[in-house]
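Taken from TrEMBL, the feature GTP binding site covers 10-15, 119-120, 144-150, 177-181, 245-248, A332. Taken from TrEMBL, the feature Mg(2+) binding site applies to T14, T150.
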Amino acid sequence: LSSMFIGAAESGKTTIIKQMKILHVQGFSDEERKEKVDEIRTNLLEAIKEIIENLEHLKLCSALTSEQSQASLDYLNSIDLRLSDYQFSDEFYYHTKNLWNDEIVQKSYQQSITFHIMDSAKYFLDRIDEISQEDYIPTDNDILRCRKRTSEIQKVEFDVKVPLKYGGGVQSFWMFDVGGQKGERRKWIQVFDGITAVLFLVACSTFDTVLREDKTNRLQEALTLFEEVWCSRFLRDSGFILFFNKQDILREKIDKGIDLSVYFPDYKTYDTSENRRDSLYEYKKARAFIRDKFLAITKKVPEHRKYSTDYIYYENVEESKKKECFWHYTTATDTDNIKRVFQDVHTMILVMNISKISLT
């Protein structure tokens, strides 16, 4: 059975593929861990650079609390991110740690609402002492949080035991990860053929941020992308499973009081069955709203695509509804969460495949 991870950039696709290696392919070898060291250190550099950009955006560079912080800012500003062979020195680690610990920098990080800073910035910057060691070996958690733009189609293969009620034995899975940036999407069609299930990832926490490429709201971009994929004629017979990802960061933002209705005005009138007395009511309402925005796409007739040969034109809503879409709330960096979710996903994909076989 073959599955394909699709989603906008930085939605968590590669992280889930890494989880599959941990859960089903004996994890990461010592050699693979060593190969990740430079990637993680590069993430550290990218993180502090993004935080400096945020400082400039908030006009706080001149407000740093000490001359040492200003010196660290000047040093880090002199580093060219385009250098692929940058040598990470003790001086780099000193200045990065010094600037990160500045009170103004910490406050500005808390205000990085609309300015995009990588999700793992705080995680890596708080671990700078470990990462700077000569004998540093990344943990599973470090590797899961490491970010590298996916530009090639990646594939992981593994076997999973099939429950007896579905016939027993072992089922082989192939999972593909494809780049989510706009320029990478033309490659997707290369692996569309024969895909049993599309696993579409949504970074729910991005409702208040914009794309690097053209400043489009990231969650709105994900909605547009999902509609295109859902209606693709190449995936007409594929099952769909939505992963509403980055629930941990979504909850943090809602708990901070960030108002979803500022970015999606229809949230103001959204009604949910959640218990208002629940301490997590606002978070649960927000995640349900985002979920329902995507599920609504699966229930409507895509009128505006009917003249394109790349998209299915459903003659009526009932025809569109025949195509099932399952969903899960996920946190891709949480191995236990992904293990539980994939037990369900495995069953869903098996059921989808059995249903197809019974129809042929």
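Positions of Cβ are set from backbone N, Cα and C atoms, glycine also.
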Just going by other Cβ atoms within 10 Å, which of the binding-site residues T14, N245 has the emptiest spot?
T14
Assigned element (helix, strand, coil) containing A332 (GTP binding site), judged by DSSP:
coil
Name the secondary structure element type, per DSSP in three states, that contains N245 (GTP binding site).
strand
Could you tell me which of these binding-site residues, L144, K148, A332, has the greatest number of Cβ atoms within 10 Å of its own Cβ?
A332
Specify the secondary structure state of T14 (GTP binding site) as given by DSSP, simplified to three classes.
helix
